[in-house]
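The block underneath contains the structure these notes are about, expressed in structure tokens.
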């Protein structure tokens, strides 16, 4: 049997995509709308406290197209904590007007090979650079791109039948492309084998949305992607600050 890849795991992630029920929202009087938005604001203030004490992260983006209107991206140190946030959000009055359209569960991961290389032989979990990758601060970039992906298991193009050394070399070459976009695109890789329908959830952040097109296009021509990758739906959106929510929901 081929050797399975070993990973270091950090925060658990929930991408929660919602569509606004504008027809139902319009039926509410402005007073009720304001009460719901205030309740949402208090919820987000509590989320900010958790972020400030280093026990999690979150961000909100407005999604383009008809797949969703919003994505709430939340990171926590356990599935229980993540589920608690999800349940509390669903109990908000405004949640009745935010219809679920898609979700994705994963855990921020780093390959043991890369983590050991970064740590130089020391305990990777005590290395500042490794910890920054496993427990990332979400950048306030203008745009987000999220997509799930898996590795193929199709005849000769079966990623999991390749020897470990060949997989490592392919990933190393693939990673060089990503590193060439340092400063332009920040990525968070969430492992989701056994958690969701695909094997990874990829989240990209950038101030220039065209960088998403450039990096994904370039990676498509790399062998690790061209031969062995399968992709789900892509979601792209714009940063939505908490103070901008009232404007979004104003009819």
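Glycine is treated like the rest: Cβ placed from N, Cα and C.
Quick look at what Swiss-Prot lists:
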BINDING   133, 147, 148, 149, 150, 151, 174, 187, 225  Fe-coproporphyrin III binding site
ACT_SITE  147  active site
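Counting every protein chain shown, the number of other Cβ atoms lying within 10 Å of the Cβ of residue 174 (Fe-coproporphyrin III binding site) is 16. Under the DSSP three-state reduction, residue 225 (Fe-coproporphyrin III binding site) is assigned to helix. On a Cα basis, residue 147 (active site) lies 17 Å away from residue 174 (Fe-coproporphyrin III binding site).
Take the CB of residue 225 (Fe-coproporphyrin III binding site) and look out to 10 A: across all protein chains shown you find 19 other CB atoms. In sequence order, 198, 199, 200, 229, 230 constitute the residues six or more apart from residue 150 (Fe-coproporphyrin III binding site) in its chain with CB-CB distances below 8 Å.
Following the DSSP three-state reduction, the secondary structure of residue 174 (Fe-coproporphyrin III binding site) is helix.
Counted within 10 Å of its Cβ, the other Cβ atoms near residue 133 (Fe-coproporphyrin III binding site) come to 20, all protein chains included. The CA atom of residue 147 (active site) is located 14 Å away from the CA atom of residue 225 (Fe-coproporphyrin III binding site).
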